[in-house]
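The active site, proton donor annotation in Swiss-Prot covers HIS694. Swiss-Prot lists ARG17, GLU18, LEU19, LYS20, LYS117, ARG515, CYS516, TRP561, GLU605 with the feature 5-methyltetrahydropteroyltri-L-glutamate binding site. Annotated L-methionine binding site per Swiss-Prot: ILE431, GLY432, SER433, GLU484, ASP599, in sequence order, evidence recorded as sequence analysis. The L-homocysteine binding site feature in Swiss-Prot is assigned to ILE431, GLY432, SER433, GLU484, ASP599. Annotated Zn(2+) binding site per Swiss-Prot: HIS641, CYS643, GLU665, CYS726, in sequence order.
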Amino acid sequence: MTILTHTLGFPRVGLRRELKKAQESYWAGNSTREALLAVGRELRARHWEQQKQAGIDLLPVGDFAWYDHVLTTSLLLGNVSARHQNNDGSVDIDTLFRIGRGRAPTGEPAAAAEMTKWFNTNYHYIVPEFSKGQQFRLTWTQLLEEVDEALALGHKIKPVLLGPVTYLWLGKVKGEPFDRLTLLKDILPVYQHVLAELAKRGIEWVQIDEPALVLELPQAWLDAFKPAYDALAGQVKLLLTTYFEGVTPNLDTIIALPVQGLHVDLIHGKDDVAELHQRLPVDWLLSAGLINGRNVWRADLTEKYAQINALVGKRALWVASSCSLLHSPIDLSVETRLDTEVKSWFAFALQKCGELALLRDALNSGETAALEEWSAPIQARRHSRRVHNAAVEKRLAAITAQDSQRENPYEVRAEAQRARFKLPAWPTTTIGSFPQTTEIRGLRLDFKKGNLDANNYHTGIAEHIKQAIIEQERLGLDVLVHGEAERNDMVEYFGEHLDGFVFTQNGWVQSYGSRCVKPPVVIGDISRPAPITVEWAKYAQSLTDKPVKGMLTGPVTILCWSFPREDVTRETIAKQIALALRDEVADLEAAGIGIIQIDEPALREGLPLRRSDWDAYLEWGVEAFRINAAVAKDETQIHTHMCYCEFNDIMDSIAALDADVITIETSRSDMELLESFEAFDYPNEIGPGVYDIHSPNVPSVEWIEALLKKAAQRIPAQRLWVNPDCGLKTRGWPETRAALANMVKAAHNLRQAK
């Protein structure tokens, strides 16, 4: 039984973010649909060939998406809401873009579908919408077309499909309430049709992703798998694919299914390989997810070999990435500025394909010399002086309960803050960033490339900050921000100023749609060598009599949106960051900044996938935030911001953060998220986002007023703030001015209506 390699998916965006550039050019009307489609074809062909050359035996097809693979599945099934449909009922790529972003080059704008995080990753998916009695049919044949492309190129392939039960699990009911699981019988015929078409093309294996099987699912959902897969069986071999956690708790459900193989994540799961082998049907193939698809670290292949070698010859075996390589940058070889030692510790998507090939060859031959050679750098890292800082470790060990307590409770602090700031009812503010214009990006790029000296760079940034203050005063906002012109990314910026991080030139990963991020990498103990944000916050405050918020990214978010170390716990990393940023809060306060926002949009997304593991995570996550914030005096108002959140199941922890003001993303959910705060009787102040910054559509005054009135039915008006859902970095100035003007007008109308 020869062992084969495969990946669960590959990055879509291209080494130079070619897909992003093509999407945005098309959306702006600067290129044709045909040009966009051509870029997609070119990227797919390149990525298949690169994986093949790196040693992958079975190439994934269907992992490419124009916006998001869950959205692609919605179109495949004909699940398009009335507001997004073409007038003639057809489905095309503009339909897809209208669902994802609210508008497209053709068709009428409409509210975008909700977006949320893909399990506990930094990738976002577009939430499917379900209505009672809806019909499904095959309307989008992208998968079949791409299979034809790959076969025409002579590749040995494995199509990828998001499974029907997970697809339903990821969606939400719109309109009349009903159990969306009842739609399973209606979508299965479409899946049967697709599998039949794949069988006609001579496809042997289909990777059918059911990551919901790693969750603690309700029994009704677990029971749904057997009839679903009974209906899908028989046309092709099915590789039931799971990731992000182990499958052992749901293994009884899995082994009853009529599939021919199982993929398990052996990085993030705690499954015992020997137990899996013992319990799986003898004729099943086991796909072992041994190479981490979610990080940038080189694998110790000697450990991976030892983990799986006992199964060689005992059952059909493939070796694979733990999950799709979507979550990893593409190619380490183009990184020319990384220190040689540090670079030797890393492996990006293509290098991970190479790791799989090395592992396959060793398992097939029994020869391990190549594994030992590959693993030597990552083994040597354990003793590197770049990794350990005795002062940081000592400070971390000395943390006491007092370090995470504000001086007085919220009620006392709120009085001091009201006396200091004298804000009106319905105070208006923004979340932090303003549009990152071509001029701002060019300024930063010229400075990084050495084409601009420090003095001219600072002069340029200062001018953009000044303009941001002028714009906000002109609009009539109550609490201002400096606009973050100096920041490329809310995590990368802090990582650049903290010891213990390194950065890549081209380590881009997709966040959503055309948005890509370049996460920093935590390589060692973290400390702050000097103040980070104080200079620009102090300058911005000098330009206005209104309060200007200091803007920090919180410790859990920096952790979650970075590639973390693998040799210490996530708790250790978060608390090291918290101690570093605690010093930043103290310095901002000393510089006269009275409102400090510590963004924690990632707090919820960092939750373990199994609810039984939540308490331990939330305990240290909340403690890290409080360590960061607790140094502030009573009269200093601490804000936090969160997005993409369902709060009802973590309200105790949200309240335990003890932030004076929390701003949250609520507009896409029509203020539904406030139900959690109402039910909990949340005691502090709240800024529910009143418009969706991910869409270029400008909300009307009436729309915003209606949302705020809804909010006031749940939260006392005296504790409500008025703000957008999120930062405005990705928007243009014309739509930003128009939206904020309407937001301020809505707040003024409500003040006058008192």
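Each Cβ is built from the backbone N, Cα and C atoms, and glycine gets one as well.
Positions of Swiss-Prot features highlighted on the structure.
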residue : record                                                : Cβ contacts under 8 Å, 6 or more apart
ARG17   : 5-methyltetrahydropteroyltri-L-glutamate binding site : TRP508, CYS516
ILE431  : L-methionine binding site                             : VAL481, GLN597, ASP599, HIS641, THR663, GLY689, ASN723, PRO724, ASP725, CYS726, GLY727, LEU728
GLU484  : L-methionine binding site                             : GLY432, SER433, PHE434, MET490, TYR493, MET551, GLY727, LYS729
CYS643  : Zn(2+) binding site                                   : PRO601, ILE664, GLU665, GLY689, ASP725, CYS726
HIS694  : active site, proton donor                             : ARG101, GLY102, ALA112, MET115, TYR512, ASP725, CYS726, THR730
DSSP-derived class (H/G/I helix, E/B strand, else coil) of GLU605 (5-methyltetrahydropteroyltri-L-glutamate binding site): coil
Coarse DSSP state, helix versus strand versus coil, of ARG17 (5-methyltetrahydropteroyltri-L-glutamate binding site): coil
Cβ packing number for SER433 (L-methionine binding site), 10 Å threshold: 23
Neighbour-count leader, CB within 10 A, binding-site residues: LEU19, CYS516, CYS726: CYS726
Structural state of GLU484 (L-methionine binding site), classified by DSSP into three states: coil
L-methionine site, defined by ILE431, GLY432, SER433, GLU484, ASP599: further same-chain residues with Cβ within 8 Å of the Cβ centre: THR430, VAL481, MET490, MET551, GLN597, HIS641, CYS726, GLY727, LYS729
Cβ atoms near LYS117 (5-methyltetrahydropteroyltri-L-glutamate binding site) (within 10 Å, other residues, all chains): 22
Packing count at ASP599 (L-methionine binding site) (other Cβ atoms within 10 Å of its Cβ): 25
Cβ neighbour count within 10 Å of GLU665 (Zn(2+) binding site): 25
Cβ neighbour count within 10 Å of GLU605 (5-methyltetrahydropteroyltri-L-glutamate binding site): 22
Surrounding CB atoms that lie within 10 Å of the CB of HIS641 (Zn(2+) binding site), all protein chains: 27
